[in-house]
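Undergrad: Okay, so Swiss-Prot annotates it like this:
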type: BINDING; residues: HIS131, THR132, LYS267, ASN276, ARG285; note: substrate binding site
type: BINDING; residues: HIS161, HIS206, HIS259; note: divalent metal cation binding site
Amino acid sequence: MVKLAITLGDPSGINSEILLKALNKLPKRNISYVIYGSKKALEKAKKLTGVDLNIKEIKSINDVVKSGIYLINLYDLDVEFGSSSKETGKASVVYLENAVKDVLEKKADALITLPISKQWIMESGFPYAGHTDYLAEVSGAKEYAMVLMCKKLKVALITTHIPLKDVPSQITKEKIISKVRLINREFKEKFGISKPKIAILGLNPHASDNGNIGNEEQNIILPAVKTLREDGIEITDPLSPDTAFNRYKDFDIYVAMYHDQGLIPLKLLCFRKAVNITLGLPFIRTSPDHGTGYDIAGKNIADPSSTIEAVELAILLKRVRK
C-alpha cells in the first residue's frame with residue numbers, strides 16, 4: 001500500500017475544493033491518502049462542490065491500516081473562502097510541520113503540498129519564504145533543485161524566486177555543476193532513465209552569440225558543461241533560449257538559468273497540467289503548479305488537474321523507487 005501525506009496548505013484558498021475534486025477522480029486501490037488539514041474547511045468544500053467522500057478522521061498516521069482517505073484534523077479554523085490572514089498562514093505551517101515530521105520518520109511514502117501564501121506564512125512568524133527552503137533545511141538536504149514538469153516537458157531552474165536583476169550574480173560554475181549532477185543522479189534514480197539527455201540554456205539572448213551579447217556563457221556555463229561532460233553526463237552547449245524549446249522531444253530535461261525563462265514555455269505547453277517536484281530531498285515531494293487562488297475561492301470553478309497530476313506523479317515515483 002502506498003501511503004501519501006497531503007498538506008492542505010492555506011485553508012482559505014481553493015485547496016479544499018481542488019483536493020476533494022482530485023480525490024474523487026484518483027485511484028483508491030492500495031493507496032491511502034492522509035490529509036493534514038482542517039475538517040471545517042473540508043466540510044465547507046464538500047457543500048460547495050457536492051463531492052461527498054468517505055473521509056475518516058484519525059489522531060495519527062499510525063492509525064492508517066488500510067486503503068482509504070483519512071484526515072488528521074489540525075488548527076481547525078472556521079474560514080471564509082477567499083479571506084486569508086495570519087491565522088490561515090499559521091494553519092498552513094501547522095499542517096506542513098506535522099506532515100513533514102511523519103514523512104521524515106518514514107511513516108508516509110511521499111509528501112504532496114497544496115499551495116500556501118508566502119506573505120501570510122511569513123507574517124505568522126514562519127522564517128521561510130516557502131515550502132522548499134524549509135523542507136531542505138529540516139531534512140538536511142545540502143543540494144536541491146526545483147523542477148517543473150508535465151508529460152511533454154521537464155524544466156529545472158538554476159535560480160528560482162529572485163529579482164531578475166540579481167540573476168547574473170547568482171549563476172556560478174559551481175552551482176551549475178552541483179545542480180546538474182543532482183538532476184542527472186535523481187533522474188536515474190527517480191525516473192529510471194539510464195542516461196538522461198540534458199539541455200542547458202544560455203543566460204543571454206542567442207546564448208550570447210559567441211560573447212557579443214554578454215559573457216556568462218563563455219565564462220561560466222561552458223566551463224561547467226565541460227566539467228559535467230568529463231563526469232560522463234550528456235549535456236548540450238548552452239542553447240539560445242528563444243529556440244531551444246522547439247526541440248523539447250529530444251531531451252529528458254531542460255536546465256534554465258532563471259524562473260520565467262523556463263516556466264513560460266512550460267506553462268504554454270502544459271497549462272493546468274504542470275507539477276512541481278523538489279529533487280535532492282530524502283523523500284518524494286510534489287505539488288501542483290499554481291497558487292492559493294483566493295480570487296476564485298468559494299466559486300466552485302477551480303480546476304483540480306494539477307493536483308491530480310501531482311498525486312499521480314508521487315505514486316509513480318514511489319513505485320519506480322521500489
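Each Cβ is built from the backbone N, Cα and C atoms, and glycine gets one as well.
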Undergrad: Within 10 Å of its Cβ, which one of these binding-site residues (HIS131, HIS161, HIS259, LYS267) has the largest number of other Cβ atoms?
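TA: In terms of Cβ crowding, the pick is HIS131.
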Undergrad: Among the binding-site residues HIS206, ARG285, point out the residue whose Cβ has the most other Cβ atoms within 10 Å, with all shown protein chains included in the count.
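TA: The residue with the most neighbouring Cβ atoms within 10 Å is ARG285.
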Undergrad: For ASN276 (substrate binding site), which residues of its chain lie six or more apart in sequence with Cβ-Cβ distance below 8 Å?
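TA: In sequence order, the residues whose Cβ lies under 8 Å from that of ASN276 (substrate binding site) (at least 6 apart) are MET146, VAL147, LEU148, THR286, SER287, PRO288, ASP289, ALA310.
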Undergrad: According to DSSP, does ASN276 (substrate binding site) sit in a helix, a strand, or coil?
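TA: Once the DSSP labels are grouped into three classes, ASN276 (substrate binding site) ends up as strand.
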Undergrad: Closest to HIS259 (divalent metal cation binding site): which of the binding-site residues HIS131, THR132, LYS267, ARG285, going by Cα position?
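TA: Given the candidates HIS131, THR132, LYS267, ARG285, the nearest one is LYS267.
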Undergrad: C-alpha of LYS267 (substrate binding site) to C-alpha of HIS161 (divalent metal cation binding site): distance in Å?
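TA: Cα-Cα, rounded: 16 Å.
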Undergrad: Where the record says HIS131, THR132, LYS267, ASN276, ARG285 bind substrate, what is the longest distance in Å from one Cα to another among those residues?
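TA: Spelled out: the longest distance between any two Cα atoms in HIS131, THR132, LYS267, ASN276, ARG285 is 21 Å.
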Undergrad: Using the alpha carbons only, what distance in Å do you get between ARG285 (substrate binding site) and HIS206 (divalent metal cation binding site) once rounded?
TA: 34
Undergrad: Whole-number answer please: how many Å between the C-alpha atoms of HIS161 (divalent metal cation binding site) and HIS131 (substrate binding site)?
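TA: Computed Cα spacing between HIS161 (divalent metal cation binding site) and HIS131 (substrate binding site) is 12 Å.
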Undergrad: Across all chains shown, how many C-beta atoms besides its own are within 10 angstroms of the C-beta of THR132 (substrate binding site)?
TA: 22
Undergrad: Between HIS206 (divalent metal cation binding site) and THR132 (substrate binding site), how many Å separate their Cα atoms?
TA: 31
